[in-house]
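K.L.:
Can you keep this structure in mind? I'll have questions shortly.
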Amino acid sequence: MSDVLSQYKGCSVRDLPTPNFVINEEKFDKNCTTMLNNVEKLSQECGVPIKFRAHVKTHKTAKGTLKQLGHGLPLAKRTTRAILVSTLKEAEELLNYQDRQCSDYIDDITYSLPCCVPEFIPLLSNLSRRVNNFQVFVDNIEHLENLKNFGRPASGKKWSVFIKVDMGTKRAGLAFDSPEFLSLLKKLTSSEIKEVIEPYGFYAHAGHSYSSTSINDTQNLLMEEVKAVNSAAKVLCSVDPQFDPSKLTLSVGATPTSNSLKLDNKSTLVKFITTQLVSTLEIHCGNYCMYDLQQVATGCVQDHELSGFVLGTVLSSYPSRGELLSNTGVMCLTREASSIKGFGICADLEHVLKSESFSREWYVARVSQEHGILRPIRNWNETTPLKLGSKIAVLPQHACITMGQFPYYFVVNSEGIVNDVWLPFQKW
């Protein structure tokens, strides 16, 4: 990436090739700072330690991860050393980067896919040697059997496991009040399993919070997450009365539910944490550093808070049908959607770089492989025309998926000047 940076450093965003992905570093920094400070404020209001674990899956970069951890953010009131990864490659490459920098800003990694099967356990074992704290997900009795049969990981410690709690999305995990969950905990507390495995805590993710339409809705869902993991911990204590629940970490969050921490009135949450929570609370989330239209649709953030966009070019015009052609097709925008229509909202480059509201006039209505068809949000005759050859910023529906389509990201300041290029640790 040094060649790309040397070629484009100092250039204006208007001079960059398209399509490409651009990150506004000042907005990225502000988003990271805000989330860290919201968690810190909750901790102070409750008078108890509350952890934060940054999910790095959206951008998958070393420099972006450092910011999520609180480094280089002068206004951040806390830092963290704990991350969540969606692939083993993310973890390995971040640790490789850390080794090259002779630093240890990460010392706690959780792998978020329940994959304790023979194919992956040796890989998980090797990774356990490289970090002080490493957790894996389990949601199946066979996962426990597989770990037991493998034996302790290469770290020499016991396997540290998060039990995944299903919040009703039926993606992964078990409902805390299900017979399967009870059976899993009975197996977890059996003497043969205890020799090689220990519970780290319970993990819940309200994926359905992405369908929320107000921040008050997401606050209610955050309460549901907290209550679910707390109930899960109580089930464990009922199975093993000798177990001390204060040793557990109860990890909850999604970007929409975590964003509800910005609300001034958190009295119900604070009261529950201070009077009923049996273990240490941890907040986790990842998309917040970037944001996207799916997050805007939840009512928790504004479009000018998005820190990234796809840079495209207007290629042709079809006034008779009221459409334009751009090079922002499915290969760079994907087919993700939300309650906001289309596959992306177009914005003027001057406006999208500022931290203030801007008007929406065009959106990406249809996509094929390399073709993006733009339509006006209102009437063609009432919309500011876009000249052929002009550059546009397209706000993506889902940043995590969209960013996966690009080999690197141009990082610009609020004036649109390139100051860095970030390389993502993509694929597997």
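Every residue, even glycine, has its Cβ placed from backbone N, Cα and C.
For Lys57, the entry in Swiss-Prot reads N6-(pyridoxal phosphate)lysine, with the evidence type similarity to another entry. If you look up Swiss-Prot, you'll see Tyr203, Tyr210, Thr255, Gly286, Asn287 marked as pyridoxal 5'-phosphate binding site. Taken from Swiss-Prot, the feature Zn(2+) binding site applies to His398, Cys400.
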K.L.:
Of Lys57, His398, which of the recorded positions has the most Cβ neighbours inside 10 Å?
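P.N.:
When each Cβ's neighbours within 10 Å are tallied, His398 tops the list.
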K.L.:
In terms of DSSP three-state secondary structure, what is the assignment for Tyr203 (pyridoxal 5'-phosphate binding site)?
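P.N.:
SS state of Tyr203 (pyridoxal 5'-phosphate binding site) = strand.
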K.L.:
What is the total of other Cβ atoms whose distance to the Cβ of Gly286 (pyridoxal 5'-phosphate binding site) is within 10 Å?
P.N.:
26
K.L.:
For the residue listed as 'N6-(pyridoxal phosphate)lysine' and Gly286 (pyridoxal 5'-phosphate binding site), determine the Cα separation and express it in whole Å.
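P.N.:
With the alpha carbons as reference points, the distance is 7 Å.
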K.L.:
Measuring CB to CB from Tyr210 (pyridoxal 5'-phosphate binding site), give everything in the same chain under 8 Å that is also at least six residues away in sequence.
P.N.:
Ala254, Pro256, Gln294, Gln295, Ala297, Thr298, Ser338
K.L.:
If you skip the near sequence neighbours and keep only those at least six away, which residues in the chain come within under 8 angstroms of Asn287 (pyridoxal 5'-phosphate binding site), Cβ to Cβ?
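P.N.:
Expected: His55, Thr58, Thr255, Gln295, Ala399, Cys400.
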K.L.:
Measure from the CA atom of Gly286 (pyridoxal 5'-phosphate binding site) to the CA atom of His398 (Zn(2+) binding site) and give the result in Å, rounded to a whole number.
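P.N.:
So the Cα of Gly286 (pyridoxal 5'-phosphate binding site) lies 12 Å away from that of His398 (Zn(2+) binding site).
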K.L.:
Quick one: what's DSSP say for Tyr210 (pyridoxal 5'-phosphate binding site), helix, strand or coil?
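P.N.:
In the DSSP reduction, Tyr210 (pyridoxal 5'-phosphate binding site) maps to helix.
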K.L.:
For Tyr203 (pyridoxal 5'-phosphate binding site), which residues in the same chain are close in space, meaning a Cβ under 8 Å from its Cβ, but six or more apart along the sequence?
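P.N.:
Those within reach of Tyr203 (pyridoxal 5'-phosphate binding site), by Cβ under 8 Å and sequence separation of 6 or more, are Thr110, Phe137, Phe162, Ile163, Lys164, Val165, Gly173, Val229, Ser251, Val252, His284.
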K.L.:
Three-state secondary structure of Gly286 (pyridoxal 5'-phosphate binding site) from DSSP?
P.N.:
coil
